[in-house]
Amino acid sequence: MRILGIEGTAWAASAALYNTHDETIVIESDPYQPDSGGLHPREAAEHMSTALPEVISTILERAVSSGNTDAIGIDAIAFSRGPGLGPCLRVVGTAARTLTQALSVPLIGVNHMIAHLEIGRHQSGFTTPVCLNASGANAHLLGYHRRQYQVLGETMDTGVGNAIDKFTRHLGWNHPGGPKVEAAATDGSYHDLPYVVKGMDFSFSGIMSAAKDAVDNEVPVVDVCTGLQETIFAMLTEVAERALSLTGSNELVLGGGVGQNDRLREMLSTMCTARGASFYAPESRFLRDNAGMIAVLGAAMYEAGQTISVNDSAVDPTFRPDAVTVTWRDDETSVTRTPATLDKTPVRGAEAIVRRINDHVVKRRVEKSYRHPKLDRRLRAERTRAEARLTSAARRLGVPTPLIFDADPETGTLVFEYVGETDLAADLTVSRCHAVGQHLGRIHNAGFVHGDPTTRNVRVDSAQNYLIDFGLGYHTDHVEDHAMDLHVFIQSVTGTASDPAPLITAFESGYAETGISTVQSRLRDIESRGRYH
């Protein structure tokens, strides 16, 4: 079978021919290069209109020359349906519809972000991976569950590549900015910048503002580039590890154009090696936007019968990956976590190694060799202090938490009471989720947040539901911060539960009984602000 793929979501006009028989993938691309500054949507669309017919023509000629007859011999057309820039997508959609009618072959509408994931799955052979997509307009973590790729975590403002480009435009550098930052960082020293992780979600806007201010205040550009790269990529690596810990997966796939950065791949590889996980990053031609990944996913969708009619083939600039029904992997195992049983054997979480000693638990935040040493020391100490203080503060409010016996921020070590029999994930019931909502409402009314209230960070037994691991928590009266706590919990339930809807309803009901009235309306705002809602 031979599939023609067409890509053109933003800057890359690309066509590809994928032969499933011998796994050959021929790609022809013509990227848009602005004369100055960043990517201009109108100019990108004009480039797409000119370049896309040319790359398609080249691939069609290749299809004829590589076939056994003079016929083109293409079985289906797959195209990027979204997400992306509307004007560019419309050019792609028109080209795909024209070809499918001219050749009388089926049409397949592909989600661009799932294609970034699936090319890595296809080439690695992984069975239940978490995928980190790091591209220009996007950054998110995906895992297959309940016939969808669930979003386990994502940027709450801008994509990682776009964030870096905003900084480089401030310097007067033209698009793309990522390779220029990578080159400059080789000569710089680490400069401290804000580090914003909330559960498995993250934010780049504050980092960009701080980086611009640093340059304006005459901090050497190379130092700011080093700090920017170390901070952003450490955040992405941390949330990837958190996703592995939450789901229990031991496989990580990297996708997206930012994945071409050597330092990001080094960090992810180091993290996976440390926790005994496998890591796969496709070669560069499959990381940047390309039609090869569209053709490969298109072939899988075609074999599963997931084609569309021309009348139903409208492009979607806001096409989220979790809106796609994944029929081509319908019989596969979900990315779901085996709940931890904390006995005397050490248990490794995302941040720490935890060991039970009789009725005590010793938790040590381990050094993360992927992070810059200065950043690592800062985070380990800050989070150990926060966990000790906020765990005790929550307990004083009547929220079930373990007693803290000792805390050493310098070594990142805590000693606390052993509580619960297993994680909430092992007994994820309506009543327990209702109780978690009540607990979060109480701490929010007291002026602080948990920071990472996933099903991994609630311990349960027959009598209680204990909140643990307040390391990402902090004091705040901002409704946005409180709503993010709710968002993190709901996201963890959605990504792992077999029937999340009644659990989420119970959780929100519990919060309404004890929490702040404006928080749930802000939660709806946050959900609508996620990338491409």
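The backbone N, Cα and C atoms fix where each Cβ goes, glycine too.
Copied over from Swiss-Prot, here are the features:
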{"type": "REGION", "residues": "1-328", "note": "region 'Kae1'"}
{"type": "BINDING", "residues": "H112, H116, D289", "note": "Fe cation binding site"}
{"type": "BINDING", "residues": "N133, A134, S135, G136, A137, D165, G178, E182, N261", "note": "L-threonylcarbamoyladenylate binding site"}
{"type": "DOMAIN", "residues": "339-533", "note": "domain 'Protein kinase'"}
{"type": "BINDING", "residues": "V347, R348, G349, A350, E351, A352, I353, V354, K363", "note": "ATP binding site"}
{"type": "ACT_SITE", "residues": "D452", "note": "active site, proton acceptor"}
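For the binding-site residues listed here (A137, V347), the lowest count of other CB atoms within 10 A around the CB belongs to V347.
The Cβ of E351 (ATP binding site) lies under 8 Å from the Cβ of R365, V366, R383, G471, each of these being in the same chain and 6 or more residues away along the sequence. A distance of 22 Å separates the Cα atom of G349 (ATP binding site) from that of N133 (L-threonylcarbamoyladenylate binding site). D289 (Fe cation binding site) has N133 as its nearest neighbour among the recorded positions N133, V347, D452, going by CA to CA distance. Non-local contacts of D452 (active site, proton acceptor) by the CB criterion (under 8 A, 6+ apart in sequence, same chain) comprise K198, G199, R242, D469, G471, L472, G473, V488. Taking only the Cα positions, the spacing between S135 (L-threonylcarbamoyladenylate binding site) and H116 (Fe cation binding site) is 9 angstrom.
Taking Cβ-Cβ distances under 8 Å and a sequence gap of 6 or more within the same chain, the neighbours of I353 (ATP binding site) are P346, V347, K363, R364, V366.
Within the group of binding-site residues (H112, H116), the Cβ with the highest number of other Cβ atoms inside 10 Å belongs to H116.
G178 (L-threonylcarbamoyladenylate binding site) sits 20 Å from H112 (Fe cation binding site), taking the CA atoms of both as reference points.
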